[in-house]
Amino acid sequence: MAHARISMCLPPDINPTQAAIAYGCRALPKLNQELQSEDLLTRQKALMALCDLMHDPEHVYTAIDIGCLESLKALLKDSNDMVRIKTTEVLYIMTTHNVGREGFLEHDVILALSYLLNDPQSDCRKNLHLAFKHVAQLPSGAQGIVKSGLIPSLVWNLQREEEEIQVLLLDTLAACLMEDSTEALSSRVVPFLKQKLLSTNNDIRSKAARTLIAVSIPLEGKNQVWQHDVIPILVHLLKDSVEEVQANAAGALMYAMVTTQGKYAALDTEAIQPLMGLLDSSLSKARLNATKALTMLAEAPEGRKFLKPYVPIFRILENDTSEAVRRAAKIAIKVIEWKP
Amino acid sequence: MYDRRVVRGNTYALQTSVLPGQPDPIEIQRQQQAKRRALAKKRAQEQLRPRTPEPVEGRKHVDVQTEIYLEEIADRIIEVDMECQTDAFLDRPSTPLFIPAKTGKDVATQILEGELFDFDLEVKPMLEVLVGKTIEQSLLEVMEEEELANLRASQCAYEELRNVELAEVQRLEEQERRHREEKERRKQQQWEVVCQHTETAQKVAARAFAQRYLSDLLPSVFSSLRDSGYFYDPVERDIEIGFLPWLMHEVDKTMEYSMVGRTVLDMLIREVVEKRLAMYEQKENQPPTRKPEDELGGSGGVTEPPAGYEQSPAQPQGPLVDRDPLERRPDDGRYTENVVSQERKLLEEEEYEQARIRSTSGREVLQPREDLEP
């Protein structure tokens, strides 16, 4: 009798590790069912197939609509490592789309993901942090992360994680702290960031400086930054080799120097020279932050005295390409030449 | 089935009469019965239809085949038992490729170059489609990536701007706060200065007013004290304390002297008078009329010594005048003299002393006054 299978060699475009994807609109519901099956292999194959499908935003929307997130949440607690890794990967791919992020927030996935923060598998954690990073790009996502009280654990993990993951963590923290930094400040984020500023990895330094910018926006943050003597390190970083680091350090200084104590701490560590050096950097962000930082310094009488002879440089900056730099230069000149 | 005896439907409703259009249920039942009867009849007639008569005795009806080829009709199928045994250890061989038997006519054809189609020409549109689709897809992907990169860049730019603006806002806030505090401090200082000014001005004013108010106080106090007699003129006081007592003392002394003098004089006069009285009494035994003039003068002198003595320095004849009233009175006062003479003596002595003192003082007063007058 003839069988349906003609030969034992499978066709070339079937991936044995993936489940078969049904046609059209049946694909996702079937995969959802397979996700809930008891058989490990089925679940794994379904997850692999889902990974591929989730790159398409329409599939993401459909998947969330039929409730895939619930099954994925259940799978997060699975005992098999592969399953967890793949689940976190699927979730991370979903967060790259806005629909996915919003679905996350609605279905409370952040809390479910947070149980995996101490997972032994580093891939799992990496995907987890990637997912968090993308969620934090959305302002409501960042708020969701803050509201679920994850910030202290994230800050704590900053100490213990490997470097790659630290980079992701710093990105997440920077975005979250832009929203609300009170919890982080009470969980000693400033000393940790201070250590990170001295790390050898360029990415880590630049992202740590960017997180410091976010931290020093509220007044409490500024006070803490001054108390923990971070300002001298930031001044030192102004002479760093990487421009991104310089720009971010200038930004952090700009915020830290709003308070009088910050200003005088910076003046004590001779911040003016490096900042002047930054004024002709190629990154417009660096120029902007440096100009603003010098404006802060010029509020103090000693700063004004120092900066008086450098006014011509600011005049040159007034013809800069970027509109923001031009405005900042004008304001700087006005502040330097102000008489009480 | 419709049976008239069994009532169907609503029994409360009236039994309606049959509608003309519809057949009567009884009629329906009758029709059905009729049909059944007809069927039964038909069946019965079927049975009564003539069939093949029964075989005659001794003969059998047999079915015979009348076709050309005889067919064996057997009730029992011929069975033959056959056995077969496969080799136990042989695997199932792989299914051979199914090559269906060749059926039909073999036809051959030969296609020469260029007869069917021109490959290069035909392939172009297909290739175009294929390549176009591939490139379109890749362009889409690249554009997506570019868009993402642009988004990220604009996000970064926005973040920068936001940071800068926020820093600016904070700086301005800080500036405002400092200025405000400075202003507050200065206002406070000014306020304190003004307060002090007003206080000092008030103090000065108060002091000036108090001084002015009190400037009268001293003179008025002094004047009131002086008016109520708390102050004394030292000269007056001196006069009062030192001079007048001494004066009075001196006056007393002078009076005393004069009194003593008068007393002495009176004694003298008394003695003289007594002697004369004695003499007169002696003489009265002879002429009793001449002696009362002396006694009168004496008593007159006694009663009016101050007047007499006041005029005494100018009138050395005074005592004589005194003597005369003394001499005149004893006539009237003979009896009184005798009875009250001793009392009088005492009284007179006192009076004399007082009068004398007065006269001495008066004299002395007179003397200084006379000294003063010119």
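Cβ coordinates are placed from backbone N, Cα and C, and glycine is handled just like the others.
Note on TrEMBL: of B:32-58, B:167-193, the range annotated with the feature region 'Disordered' is B:32-58. Note on the coiled coil (B:162-192): mean pLDDT across this stretch is 89. Residue counts of the compositional bias 'Basic and acidic residues' (B:43-58) by helix, strand and coil are 6 helix, 0 strand, 10 coil (DSSP-based).
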